[in-house]
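Participant: Quick paste of what TrEMBL says about this protein:
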TRANSMEM  A:7-26  transmembrane segment
TRANSMEM  A:32-52  transmembrane segment
TRANSMEM  A:64-81  transmembrane segment
TRANSMEM  A:87-106  transmembrane segment
TRANSMEM  A:113-133  transmembrane segment
TRANSMEM  A:153-173  transmembrane segment
TRANSMEM  A:203-225  transmembrane segment
TRANSMEM  A:231-251  transmembrane segment
TRANSMEM  A:258-277  transmembrane segment
TRANSMEM  A:283-302  transmembrane segment
Amino acid sequence: MGFFARYRILLPVVSLAVLLAATFYMQPRAMSYFGINLLFNLAVPIALATIAQMMIIMVNDIDLSLGAFVSLVACITATFLNDSPMLGALILLALVLCYAALGAVIHALELPAIVVTLGMSFVWGGLALFILPSPGGSSPGWLRTLMTVKPPYIPMAVCASVIIAVVTHLLVIRSGLGTVLRGVGGNARSVQRAGWPVVRLKALAYGLAGLFGVFAGMALVGLTTSADANIALRYTLLSIAGVILGGGEFTGGKVSPVGAVIGALTLTLAASFLSFLRLSPDWQIGAQGAILILVLTARLLFTRRDAQA
Amino acid sequence: MTIAAEPAAPIVALTGAAKHFGPVRALDGVSLSISPGDCLGLVGHNGAGKSTLVNVVNGGLSPSAGSVDFPASGATTALAAGVRSVFQELSLCPNLTVAENLRISHSALRGMNWRAPARAEIRAALDEVFPGHGIDADATVDALSIAERQMVEIAIGFAPRGTEARLVILDEPTSSLDAGIAEQLLSHIKRFCAQGGAVIFISHMLGEIFEVATRILVMKDGKVVAERAAGGFTRQGLVDAMGHVATEAAAAQAARVHGEEVLHTPEGLRARKGEIVGLSGLAGHGQAEALARLYLGATSSWRSPREAGMVFVAGDRGRDGLLPLWSILRNTSISILPQIAKRGLVDRDREAAVAAEWKKRIGIRTDDVTNPILSLSGGNQQKVLFARALASSAPVVVMDDPMRGVDVGTKQDVYAMIRAEAAKGRTFLWYSTETEEVCQCDRVFVFRNSEISAELTGEAITEERILEASFEMEGA
């Protein structure tokens, strides 16, 4: 077995390091406590959304509604959670349960997740507009404090990323339940034969996705202090790209939480890097795509070479 | 045999167990009891009901009639009774490590610190069955070879997993193992049975069956046709017990003369013009793959020729054949659209004429060919797929077990059609799981382990010869 096949995490780490080095070379002033926090603080909600997407990809499905869902959560956080915390918390809990129920329905009725989640994205989007027709609301004070906390030596964004990576690694890779969940992605029939209720496992995976989606929306509001019904629409594709950049695969339950967080950081950094290059914003989306293609090509080349060796 | 009055209650007892899938009686009233110490060898032809029996025993299917009990343990489910299965198709999670795969089927491993015991248990199980295996408990399964995966699967089957394995069902466990490893497995089975375990052993290697089995059960058409102590069978007797299909048609065709060779693949498949070539052997021994390689190799080029040299008749209609949203007419004409097009546009009148002609020739039972394809019965859907292939002018027709789930009447119609087309100079490559069909061919290639194990022609095409070539007759 080849080097890169054994250490799948290596390529995302190298990509991030190369991009970081290039950014610091372009803009040496970014190499400070404040600079790093500025570069990465918007990566925290993206990392959480990427973890949410990873939970779904882990069981061989894909979630096209994540961006709309995170936007809805942001709207609820900026209104209900701020005005009447109890009601807001209940609504968010209901949303998580909704996600779990979606997972159960998708499995029980053998519906394609891509269609169901695409449909749900309009439901979430509609609800978000209903709650917050025009941009506004405000972040609960404690959330704002949490997201702007200044720990000594290490910026908040880096701390948060490390915590997210460690917690989800323990949950998905180390724990027994996480192992079974990955097994569902690898070979659902074998898991079923071993006596596991696959429908409950799928509901659990979706429920976890909902939970991390809620965290993503809350973190976003904590950073931006207000919300908008379209605030996180691009998270859908960013989160998918983050999972894949981090060494995950679309099928087969091959995911890496640490990789996913690194993928999210890489994508966020790519945007800043392109700004430092003074690239016109019109070209940035395309350039971001080019970086993505570059990394994926590298991965393909390495795995091919490993397969031959 | 059970005359020697086993004191222990049987681990599993089937009484008149039957399983029907629609009109198909996959299992037709089987009574069977397996006691500690038994090693039951299970043999039978394709579709004899072996897999259904296994699935009824392990709880994968619930019987349509009769009952399955576990008297020894008093448990209600197969899993709780210590019945384990090792399936023919590999059923590990390829994205997990060896130890993690054990965790999937070992719910007693709890808490955060389950890895160390899981590693220890799978290592112990592997060491016990396959000494000197060299498999790392932390290796991801997709990095292992097929044989290693099979070894892991077998080891998980025998591992204690918190309870105890009482009955282990092994379905073709040695198909991907080499002789030395297979020998380790066989001696482990003997040890396991001597210690009071029981095994159901399914294999196409008759030598292995004779080596380990204490009893041999022969199945045919969902019934048990013979059950004796292993010593009560000879190899030839076993083959005879497995199948008797009348082969009256075989002799009638030996005299036909064929033209020049039109096909010769590197793996040794040959066919002449006007010949019906059969591919036989046990299901899943590479016949369908050989046909797919041949067909895709001949047709899937960027610049496809205007007229196809080869057409394909799918057996798995849903996956490879039907366009489920289209009408019967359009499902038929898809293969000939380039030929009947005028300046790139489909000639509707010619299309309708072709469909009407084939509806009559092959007898598709419908009032109107513009009805949706799914309004037809399975047999008639299959006729449409035949019409699609035969309507083209391709000289070679590849058929991947096309008679799956087709009724007898339709089969006779299609046999006649195939013979008529072959007489006009078309070549047919016909993979079939039914020996009766293969016996109608002019030349038969028998596959075993993805290789051609025998080529039979003319009068040599008999059920016995095909069976002999499908099963490994070590030394016989």
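Cβ atoms are placed via backbone N, Cα and C, with glycine included.
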Participant: Which sequence-distant residues neighbour the transmembrane segment (A:87-106)? Criterion: at least 6 residues beyond either end, Cβ under 8 Å.
Facilitator: 59, 61, 69, 72-73, 76-77, 79-81, 112-113, 116-117, 120, 199-200, 202-207, 209-211, 213-214
Participant: Taking residues 6+ outside the transmembrane segment (A:258-277), which of them lie with a CB under 8 Å of any CB in it?
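Facilitator: Hits for the transmembrane segment (A:258-277): 8-9, 12-13, 15-16, 19-20, 22-23, 26-27, 30, 39-40, 42-43, 46-47, 49-51, 53-54, 161, 164-165, 168-169, 238-239, 241-248, 283-284, 287-288, 291-292, 295.
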Participant: Take the transmembrane segment (A:64-81) and find every residue of the same chain, 6 or more past its ends, with a Cβ under 8 Å from one of its Cβ atoms.
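Facilitator: Residues packing against the transmembrane segment (A:64-81) from afar: 45, 49, 52-53, 87-89, 91-92, 95, 99, 114, 117-125, 127-128, 131-132, 136-140, 143, 209-210, 213-214, 216-218, 220-221, 224, 226-237, 239.
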